[in-house]
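Read the structure below first, then the notes.
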Amino acid sequence: MSPLISNDLWPTVYKVSRARGQLRVSVMTEDAANLAAATMKFEAHPNRSVLEIFPGPGQLTRAMYLAGAKNIVTVENGDTFQSSLKKLEEESEGKIKNYNINPLSDPFDDLLGPKTNAIPDLVPQEWENIQSNMLLVGTIPNSTLGEKCLLDLLTASNEKMGIFKYGRVEMFMFMFKDAAKRLIAPPGTPARNRVSVLAEAAAEMTQLMRPGATHFHLPYDYELVHIVPHKIPKLDVSIEVFDFCCRSLFTNKSNPLNKVIKLLGPGAEILLKRLSFDHSIKIKHMTLEQLNEVAVKFEQWPLRPTVLYDDMILHEHKKKR
């Protein structure tokens, strides 16, 4: 397979928006792409296909193909990248196929379902084992939309929706270093927020590589994170209830719980009496187990709000599943 264009031509040929909320970053160098593909160990899994979101021009796509991925389905709606992805399609003789749709529109049910059947030999597997025939790979935009995409995927893995109806699918995600820091931030650290807690509830995460900004277009310091959904659920409530509690409490993460619990609803202070830990703990110091306990008591509270506002794409489409 022929190489993509030389790195010095990327800024001219692959023009991307730097606008806030639309910042797109792509793996640019062959070295970084090959190193990332090597971490996915395709040689040990010859039947493993890939669903890749936000591939950009396809440098990582090409590397995964050369590393032995059985099939690669890319989901990319950027007009700038279509000609490059089309060339990869043609040279791969059908093993790479791009769908020109927005990865943020949650297209995976349609792509993988019987109508489109983008990965024909994909069948559901037991959750106890890692899905052996598919990986989910992506380069997440450095924006609030990118963070939302991660939240949607973590939510889907918790609820076994979308792509995770097929089993416990591993994810390899390139993301901006600050996003990765938030994703794995432990209790008590400044970076810990709602995303940190949801990520901890959903999966085990490992930082694999950080090649440096010069390996990306645009030149942002991205790193590769390996995300494996938990075999056993970490929550005793639905993700909708848990996320409502986290979203409410983390608006004031530097304040103690007893000062902000009222954000869960009028009269929520009564829940403090039912908790087994110190109520004066600051929100950013709370462990997953403590937040889970709050969510359980909130769910059991007869006077809790019955309408929980949910801004996640996957819940908007929940009825489809």
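We count from 1, first residue shown onward.
Glycine residues also receive a Cβ, built from the backbone N, Cα and C atoms like all the rest.
TrEMBL annotations:
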BINDING   Leu23, Glu76  S-adenosyl-L-methionine binding site
DOMAIN    28-231  domain 'Ribosomal RNA adenine methylase transferase N-terminal'
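The average pLDDT the prediction assigns to the domain 'Ribosomal RNA adenine methylase transferase N-terminal' (28-231) is 94. In this view, Leu23 (S-adenosyl-L-methionine binding site) is surrounded by 18 other Cβ atoms within 10 Å of its Cβ, with every protein chain counted. Counting only same-chain residues at least 6 apart in sequence, those with a Cβ under 8 Å from the Cβ of Glu76 (S-adenosyl-L-methionine binding site) are Ile53, Phe54, Pro55, Gly56, Gln82, Leu85, Asn98, Tyr99, Asn100, Pro103.
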